[in-house]
Number of protein chains: 4
Amino acid sequence: MDGQNKLDWAYAHMDVIQKIRERFLKEKPFEGLKIGMALHVEAKTGILALTLRDGGAKVRLASCNPLSTDDSVVEALRERGLEVYAKKGETREEYYENLYKVLEMEPDIIIDDGGDLTTLLHTSYSHIPILGGNEETTTGVLRLKVMERKGVLRFPMFDVNDAKMKHLFDNRYGTGQSTLDGIMSATNLSIAGKIVVVAGYGWCGRGIAMRLRGMGANVIVTEIDPVKAIEARMDGFRVMPMIDAIKEADMVITATGMKDIVRKEHIVEAKNECIFANAGHFDNEISKNALEELAKGKREIRKFVEEYDLGNKKLYLLGDGRLINLVAGQGHPVEIMDMSFAIQALTAEYIAKNHEKLESKVYAVPEKIDNEVAWLKLQAMGVKIDKLTEEQKRYLEEWKEGT
Amino acid sequence: MDGQNKLDWAYAHMDVIQKIRERFLKEKPFEGLKIGMALHVEAKTGILALTLRDGGAKVRLASCNPLSTDDSVVEALRERGLEVYAKKGETREEYYENLYKVLEMEPDIIIDDGGDLTTLLHTSYSHIPILGGNEETTTGVLRLKVMERKGVLRFPMFDVNDAKMKHLFDNRYGTGQSTLDGIMSATNLSIAGKIVVVAGYGWCGRGIAMRLRGMGANVIVTEIDPVKAIEARMDGFRVMPMIDAIKEADMVITATGMKDIVRKEHIVEAKNECIFANAGHFDNEISKNALEELAKGKREIRKFVEEYDLGNKKLYLLGDGRLINLVAGQGHPVEIMDMSFAIQALTAEYIAKNHEKLESKVYAVPEKIDNEVAWLKLQAMGVKIDKLTEEQKRYLEEWKEGT
Amino acid sequence: MDGQNKLDWAYAHMDVIQKIRERFLKEKPFEGLKIGMALHVEAKTGILALTLRDGGAKVRLASCNPLSTDDSVVEALRERGLEVYAKKGETREEYYENLYKVLEMEPDIIIDDGGDLTTLLHTSYSHIPILGGNEETTTGVLRLKVMERKGVLRFPMFDVNDAKMKHLFDNRYGTGQSTLDGIMSATNLSIAGKIVVVAGYGWCGRGIAMRLRGMGANVIVTEIDPVKAIEARMDGFRVMPMIDAIKEADMVITATGMKDIVRKEHIVEAKNECIFANAGHFDNEISKNALEELAKGKREIRKFVEEYDLGNKKLYLLGDGRLINLVAGQGHPVEIMDMSFAIQALTAEYIAKNHEKLESKVYAVPEKIDNEVAWLKLQAMGVKIDKLTEEQKRYLEEWKEGT
Amino acid sequence: MDGQNKLDWAYAHMDVIQKIRERFLKEKPFEGLKIGMALHVEAKTGILALTLRDGGAKVRLASCNPLSTDDSVVEALRERGLEVYAKKGETREEYYENLYKVLEMEPDIIIDDGGDLTTLLHTSYSHIPILGGNEETTTGVLRLKVMERKGVLRFPMFDVNDAKMKHLFDNRYGTGQSTLDGIMSATNLSIAGKIVVVAGYGWCGRGIAMRLRGMGANVIVTEIDPVKAIEARMDGFRVMPMIDAIKEADMVITATGMKDIVRKEHIVEAKNECIFANAGHFDNEISKNALEELAKGKREIRKFVEEYDLGNKKLYLLGDGRLINLVAGQGHPVEIMDMSFAIQALTAEYIAKNHEKLESKVYAVPEKIDNEVAWLKLQAMGVKIDKLTEEQKRYLEEWKEGT
């Protein structure tokens with residue numbers, strides 16, 4: 001019941017997906033195809049899976065993260081006839097078992113988040129033929145590009161993350177809001193007045209930094225890219241290496257896609273009661289090994305808050321260092337996932353229709369899809385915009401008109 | 001266990017109260033006195049009650065709002081020996097029963113939030129002698145001032161809300177953050193891109209408006225005060241009457257202390273899927289009667305989200321129109337309540353020591369208390385500030401020095 | 001011509017004053033009275049002086065600051081028949097000569113800014129009887145209150161600065177914008193990316209800090225008041241003593257009303273190329289003596305930019321340490337002065353009508369005047385606001401309605 | 001003298017160019033080459049021209065805009081031995097005469113802004129051989145791309161605008177600040193409380209919108225691109241077609257690179273006293289023809305403010321519809337042009353060294369140059385950032401590491 005309502009609520013606020021689903025129901029673009037999915041299993045991904053199913057596909061859905069599953073949604077999706085293999089808090093073994101279940105269906109198309117499904121398809125399941133797939137995250141795409149460069153990628157993959165309607169919104173506004181939401185829920189602490197270090201000034205990091213400032217925090221950014229570092233500084237944030245930043249931090253949030261951002265050398269410099277949270281895909285941005293090693297004891301002082309007692313100080317790790325917006329929050333806001341999943345749905349349709357022309361490469365999402373989603377979203381928001389006049393179009397083609 | 005951890009977590013982040021409690025434990029300012037409290041019963045108020053108890057008082061605590069009680073904290077407080085009369089979701093009858101329990105102890109000092117305890121002491125319990133008390137909210141203080149003006153107030157009451165260390169922080173940063181937190185948790189919807197109407201540009205309203213903007217909303221303010229209206233406009237918000245604002249609203253948040261802010265004439269003009277939430281003390285700012293009257297049906301579509309079906313559109317009411325930050329959130333951030341409750345504790349101490357000099361009036365919190373709390377808080381944050389030099393002090397007393 | 005256009009432009013954007021002037025022209029409230037004024041002489045103050053003149057007063061106007069006079073406006077005002085005694089860059093002697101001219105008229109009412117006129121009326125001109133006057137600035141009011149406390153104040157003075165329609169707007173939005181405008185014009189340097197220290201978090205300081213952040217600076221606040229210090233911190237700024245802040249500063253802006261905010265001990269710690277500007281009334285907030293003493297040489301490297309060469313570093317002082325928004329900018333935006341001067345005009349009228357009831361005290365501006373100005377301004381902006389319903393008015397008077 | 005000081009002040013704050021110039025003085029990369037430049041002639045461009053000259057080039061400099069020249073800088077540059085052909089307020093004929101002077105030198109490399117030099121090299125001066133050149137603006141690059149597409153481009157041109165260290169900073173923070181500065185100087189009006197329409201949400205438009213909000217305006221964005229429209233909305237701005245926006249506008253600022261953004265149909269709908277300003281390269285974004293046609297009269301009411309009297313209302317056009325930040329302001333802040341001109345200098349050096357490998361195409365600035373400028377800038381600001389550890393570099397190359 002609870003899960004059904006969650007699906008209803010999500011669907012009611014996924015206006016773009018609603019329109020795509022209505023078309024899919026008529027056109028059945030996936031007739032005869034099997035789609036294997038590994039995503040955070042909650043209401044919004046549920047709606048995506050149902051939408052692909054309603055487009056004619058046979059669908060299997062597993063989780064891409066052991067802690068982010070919403071069991072009530074799993075149940076509701078099963079009631080609606082979907083094959084779901086996920087459970088909140090599943091063990092590492094169960095996690096992989098569930099991915100295997102998805103692959104054993106021998107999918108034609110995959111929808112991956114973080115790249116674990118793709119990796120399996122290049123190791124234990126390298127025998128399964130795949131028409132193509134989508135990858136959702138920066139982390140997964142980084143992996144794909146390494147594979148492409150090394151010449152081992154064996155089917156076409158679309159970098160969904162690179163679509164404008166995805167990363168401009170999902171990574172920035174989605175991660176920004178949901179990370180804050182997760183941290184506030186987990187801690188009930190004030191953001192205002194805190195000195196917060198944000199590691200990484202990519203789209204996620206700048207979304208988080210922007211929202212932290214919007215809630216009254218004083219933000220320090222750490223970066224390895226000089227251009228992004230200057231941008232952060234020009235945006236009014238302080239920029240410094242982590243080893244300096246950590247000494248001032250009331251809170252540290254990682255959003256880099258890289259491991260060991262907070263490691264032993266940093267932890268020893270942290271202030272008493274410093275809070276650590278991660279907004280990157282994997283739980284290796286904050287070194288749990290280092291925390292364990294340095295701590296004399298630990299306890300769960302609050303749901304999703306682990307207290308590490310280092311003797312001279314106490315440190316708090318939120319959500320076991322996993323994606324805090326999914327572990328302690330509810331993931332991205334519905335309307336934002338609506339856009340990202342519209343990209344996913346239309347890109348999957350593109351693969352279904354064009355796989356014969358595709359090579360084993362990492363592809364950008366066609367611009368046409370980006371624009372289609374944007375127009376549908378504008379329509380859903382009731383926002384009208386300007387159009388070029390004929391004279392303006394002519395001017396655009398003209399290069400001799402002068403000062 | 002859960003409740004005990006919540007108390008531990010709260011206490012760990014209430015640095016000012018920690019220092020006051022340490023002194024109270026030694027000085028026992030409330031020895032021989034009984035303190036009756038009616039507050040939102042959760043971890044932070046629990047710490048206040050324990051602090052007063054540790055200062056020598058006999059304490060009874062009831063809830064000031066039927067929906068905001070945290071049962072695990074009630075249990076934990078009882079385990080720590082406190083007399084608590086509160087239960088989440090208690091009926092109106094139970095609510096008043098619990099207030100009666102507090103009054104039957106015949107308290108010397110009261111700590112009230114919203115004024116129900118005070119009202120009872122002027123109606124059914126008008127026989128109990130009271131040394132003095134504190135009132136926490138704008139709503140309660142408005143009532144007290146009417147009583148004072150009408151000559152019916154029968155004991156001294158301190159307008160705790162008016163203390164700078166209370167309303168500047170609690171009402172603005174506290175309500176700002178926790179209201180957003182409550183709404184995001186209840187809905188999982190994006191704040192960014194929404195047009196949100198904030199009714200009231202007092203300290204609460206401006207806190208909410210500021211945080212909404214910080215999260216990417218486009219805010220419209222409604223007001224009845226011309227000065228505040230101009231301030232809102234100069235702060236970059238649009239200002240208009242509710243009847244116009246409602247037509248654009250994706251969400252309406254009330255924070256006025258006045259009833260019927262959203263009434264029938266507004267509801268009929270609302271857009272489909274408009275969301276209503278209240279951040280004021282009482283649940284009468286958004287007219288539930290009007291919603292009921294206009295609706296053809298309603299259902300709880302999500303926890304804390306009531307869907308009203310008006311036939312031509314659906315409207316959502318969050319948390320039954322009660323304080324959304326307490327119903328769907330966790331109340332104000334800990335560090336902010338730390339300041340407010342430090343004011344409460346020191347003002348209660350002031351009553352204990354000075355009640356003989358006090359009359360049946362509404363008093364401001366002594367400036368000395370405000371400053372003491374401020375200095376303790378600065379110390380807790382590790383922030384140092386400047387001091388006037390001797391020469392500067394002299395200059396301050398000088399009026400002949402010219403251009 | 002230029003001055004006349006400046007007056008036209010100002011008047012066109014002073015909607016509130018327009019309405020007041022129309023009434024004054026008919027009612028002539030100052031018939032038979034003389035008004036002596038000492039204000040920054042530029043277009044907007046010119047319009048105020050003309051408005052009082054059109055209300056029937058005989059008016060004399062001098063400058064309250066030797067550097068802030070706009071000579072083209074002086075000329076234009078004279079062409080319009082006003083007696084003006086001011087010249088840009090007048091010497092200290094000329095400055096006082098001009099004030100004497102105003103006093104030699106033996107004014108009935110004075111309008112002062114900074115308190116020099118008032119001081120003269122208590123020293124060399126203590127023989128002139130005065131019905132009452134207005135003081136515009138925090139600095140002047142501080143002086144008045146000392147005089148009141150010491151029992152030497154010899155006529156009623158209104159603290160115009162305390163009117164809500166003055167300090168909430170003029171000090172905050174006016175000083176905020178015009179200070180930034182002055183600094184940007186004087187330096188052509190980027191605000192974004194700079195670390196800027198704002199001394200003082202009163203209404204002026206917070207206006208400056210807010211706008212600096214809005215332009216991309218990273219702001220550090222210095223304060224002596226613990227409550228304001230915490231507010232600044234909760235607003236997301238860093239707070240520290242000047243001696244620490246100066247070490248990080250790319251720029252320092254003082255807005256305190258106190259002298260020697262930046263003194264020798266700070267200057268020696270400043271970074272190379274640090275820029276100093278003042279937004280407070282007097283030019284003593286940044287110690288020019290200390291700069292002179294430490295410098296091996298100085299030159300005007302750019303209009304309004306003095307370069308002090310300290311040997312090991314160069315420091316820049318803007319506008320000779322005088323009010324930078326008036327020296328290098330054009331003073332407060334017109335619409336904001338419109339509100340402040342409306343308060344001035346109506347308060348002067350109040351003195352004219354009520355002087356017999358007034359004592360030799362510092363008075364607050366009557367709330368009625370504040371509200372009148374607010375309503376006129378709302379009307380001018382075309383903004384409508386809500387009104388209490390009858391039921392709501394009744395509720396406001398009710399204290400028994402409960403939870 | 002004044003011009004020399006302006007050059008000194010600019011050079012003192014162009015830390016990146018300082019370092020490049022020091023190297024150029026030693027290496028003389030332009031030995032034997034002639035560089036023809038058409039840029040806004042003021043202090044910062046002057047420093048660029050001198051830097052290229054110090055790198056061994058023979059340089060001629062003309063203006064790319066008749067109104068933006070600073071005559072005192074022209075004089076100072078001539079005193080420093082540079083050949084400059086520009087005068088503030090030059091006629092259209094003089095403007096072109098000056099461009100001809102630059103081309104008559106038969107330059108090897110050109111540095112263009114807006115594309116007029118390039119256009120002449122494809123029409124009247126199509127006989128001059130060119131090794132390559134840089135184009136600074138979006139407007140100019142749009143032209144170049146049309147030329148490339150049509151196959152008429154006859155030498156390699158670098159899209160300097162596309163360099164990250166250019167458009168991320170110059171267009172966003174530079175245009176943002178300087179446009180506001182220009183408008184505030186020209187009008188002395190309050191930004192706070194105004195409803196301002198920004199046409200275009202490219203890098204310039206979003207810089208302007210961001211700064212307007214930072215100064216307290218309520219911003220409406222107009223766009224033709226659906227993705228940018230949604231971004232603007234998610235950033236908290238209202239988005240609508242110009243025909244609707246104009247009805248609410250207190251001010252309209254164009255930043256599109258397209259002509260006729262404000263045309264007759266819009267002007268007739270504008271409110272009384274609406275202010276129009278342009279931040280795009282050409283003065284055709286706001287239709288002066290339409291204004292002239294609709295107006296019954298016009299006068300210069302204030303420097304850089306033209307009042308058009310339409311009978312039923314008055315409208316104000318700032319700076320004759322030309323780039324307001326250059327006409328009424330001082331152009332971009334020095335530190336920002338420092339980065340843009342560092343890109344220019346290094347790209348010119350790249351052309352000098354690599355022209356033999358280049359084709360007649362529009363080239364992106366090599367990433368290496370972007371990064372070099374970024375590192376130099378970080379160094380100049382004294383900002384340190386993190387570096388990848390060896391382990392992290394290894395991880396970046398690894399695709400098998402999982403959840």
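Quick reminder: no glycine exception, Cβ is built from N, Cα and C everywhere.
Whatever TrEMBL says is automated annotation, not expert-curated.
Under DSSP, C:D113 (substrate binding site) is assigned to coil, being neither helix nor strand in the three-state scheme. Long-range C-beta contacts of C:D113 (substrate binding site), restricted to its own chain and to partners at least six residues apart, with a cutoff below 8 Å, comprise C:A38, C:L39, C:H40, C:C64, C:E135, C:E136, C:T137, C:G140, C:H281. Per TrEMBL, substrate binding site is recorded for C:D113, C:E136, C:K166, C:D170.
Among the features that TrEMBL reports, NAD(+) binding site is placed at C:137-139, C:N171, C:200-207, C:E223, C:279-281, C:N325, C:H332. Listed in sequence order, C:V198, C:A199, C:V221, C:A255, C:T256 are the same-chain residues at least 6 apart in sequence whose CB falls under 8 Å from the CB of C:G205 (NAD(+) binding site).
Taken from TrEMBL, the feature domain 'S-adenosyl-L-homocysteine hydrolase NAD binding' applies to C:171-331. When pLDDT is averaged over the domain 'S-adenosyl-L-homocysteine hydrolase NAD binding' (C:171-331), the result is 96.
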Statement: Counting Cβ atoms within 10 Å of each Cβ, the densest environment among the binding-site residues C:K166, C:H281 belongs to C:K166
Task: Give the distance between the Cα atoms of C:G202 (NAD(+) binding site) and C:D170 (substrate binding site), rounded to the nearest whole Å.
output: 12
- prompt: Which residues of the same chain, at least 6 positions away in sequence, have a Cβ lying under 8 Å from the Cβ of C:E223 (NAD(+) binding site)?
  reply: C:G200, C:Y201, C:A229, C:A232, C:V239
Query: So how far apart do the substrate binders C:D113, C:E136, C:K166, C:D170 get, largest Cα to Cα in Å?
result: 13
- request: Check C:D170 (substrate binding site) against DSSP and tell me helix, strand or coil, would you?
  value: helix
- request: Go through the binding-site residues C:D113, C:D170, C:G202, C:G205, C:H281 for me and flag any whose C-beta is under 8 angstroms from a C-beta on chain B.
  value: none
Message: An 8 Å radius from the center of the C:D113, C:E136, C:K166, C:D170 Cβ atoms defines the neighbourhood of the substrate site; name the other residues of that chain inside it, in order.
response: C:T137, C:V160, C:N161, C:H167, C:N171, C:S340, C:I343, C:Q344
- request: Provide the number of Cβ atoms within 10 Å of the Cβ of C:E136 (substrate binding site), excluding the reference atom itself.
  value: 28
